[in-house]
Amino acid sequence: MSSKYPRSVRCCLPLCALTLEAALILLFYFFTHYDASLEDQKGLVASYQVGQDLTVMAAIGFGFLTSSFRRHSWSSVAFNLFMLALGVQWAILLDGFLSQFPPGKVVITLFSIRLATTSALSVLISAGAVLGYVNLVQLVVMVLVEVTALGTMRMVISNIFNTDYHMNMMHFYLFTAYFGVTVAWCLPKPLPDVKEDKDQIATIPSLSAMLGALFLWMFWPSFNSALLRSPIERKNAVFNTYYALAVSVVTAISGSSLAHPQGKISMTYVHSAVLAGGVAVGTSCHLIPSPWLAMVLGLVAGLISIGGAKCGPGCCNRVLGIPDSSVMHYNFSLLGLLGEIIYIVLVVRHTVWNGNGMIGFQVLLSMGELSLAIAIALTSGLLTGLLLNLKIWKAPHVAKYSDDQVFWKFPHLAVGF
């Protein structure tokens, strides 16, 4: 039987992270330069504010959203920041290299930083399914592989289906969810009694998770509209996302009370479901013609998320063998699928309204994009999960899953624990 003492990453982590950072610095030195044009100076402030919103979402929102576990709050916040910082650097280079052929100098603009931040956000969402089951070295590998897979997916879909940046990135809800769930399926499963103890929600960390949900709730309209070019589409995206999020909050609190035998409200259900509307309208937020439709989507999404939070973890554990403590499948994959279906319906409606007879062709294209995104997510997630199972990463023992003591120094604890 293997030892349950924590496996030290003292040599592995610094060597891996610092070598990778040195390589990134060299790549930036030889292959990047800043945009010297003056064309976008008028919109510089507005563009920077959108990028700032995305950074707040990533660093504070997703960082604190996953910090509700009693014994895994430090790692959730700090590891998310680490993945964000690394993912943005790699995404800027990768997007620049993939967007030009033959490869040349990568021009860094505020838009490219926004695009890279959204790519890094995908890793933070996927990591919600595996945080606590992997160490920081494994997360480094996951960041590199997922950002590369997402960038490749965007390039392939753009070249085959001629889609814009927004549509490419909005497929990422499904991509990140299925990528994260597939990686979690490949990892060693936690011990049942240990998992029950470690997954307990503490009061103070749960408040921190709700704080993260509030930051995400405030800035999600910026995320859904970040890559849209047309001012009218950006305005529609912001409005529709706000309406959907507002209804999600009402549905989350009401549904949480309904799901409890005594009518009590669960903080876990609330901070899972308040964002449901933003996810559901993400793909089609710029096409929704009226507020009531966005509000209906927010209502349906909130109910799906509450149902997933109540029944999902047990179902995923029993049927799929996935320790989905963050309800990844219900909060992102099902809601992302709902958003994709609504997008297809709106595209068909727009095609009929304009008198274009190619309805079947439009549906076929949309289904092709959706299927390709899921296929790439499952394939890359499976390869990543198998890669993370290699012993060279010194993964934590299953008895030490979701435990900050494995990674952090606690002055009041004995040496070696």
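Residue numbers in this text run from 1 along the chain shown.
Just so it is clear, glycine is given a Cβ too, placed from its N, Cα and C backbone atoms.
Among the features that Swiss-Prot reports, transmembrane segment is placed at 12-32, 44-64, 77-97, 125-145, 172-192, 203-223, 238-258, 265-285, 287-307, 331-351, 358-378, with the record citing sequence analysis.
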Problem set entry | Cβ-based contact of the transmembrane segment (203-223) with the transmembrane segment (265-285), 3 or more pairs under 8 Å | yes
Seminar exercise, completed: The answer for the transmembrane segment (238-258), taking Cβ pairs under 8 Å and residues 6+ beyond its ends, is 217, 220-222, 224-225, 264-266, 269-270, 272-278, 280-282, 285-286, 288, 291, 293-299, 301-303, 305-306
Exercise. What parts of the chain pack near the transmembrane segment (265-285), using Cβ distances under 8 Å and only residues at least 6 beyond its ends?
Worked result: 65, 68, 167, 170-171, 173, 201, 206-207, 209-210, 212-213, 216-217, 220-221, 223-225, 236-237, 240-241, 243-249, 251-253, 255-257, 259, 294, 297-298, 300-302, 304-306, 308-310, 327, 331-332, 335-336, 338-340, 342-343, 346
For this session: Any chance you could find the range in 44-64, 77-97, 125-145, 287-307 with the most Cβ pairs under 8 Å to the transmembrane segment (172-192)?
Result: 125-145
Seminar exercise, completed: Maximum Cβ pairs under 8 Å to the transmembrane segment (12-32) among 44-64, 77-97, 287-307, 331-351, 358-378 is reached by 77-97
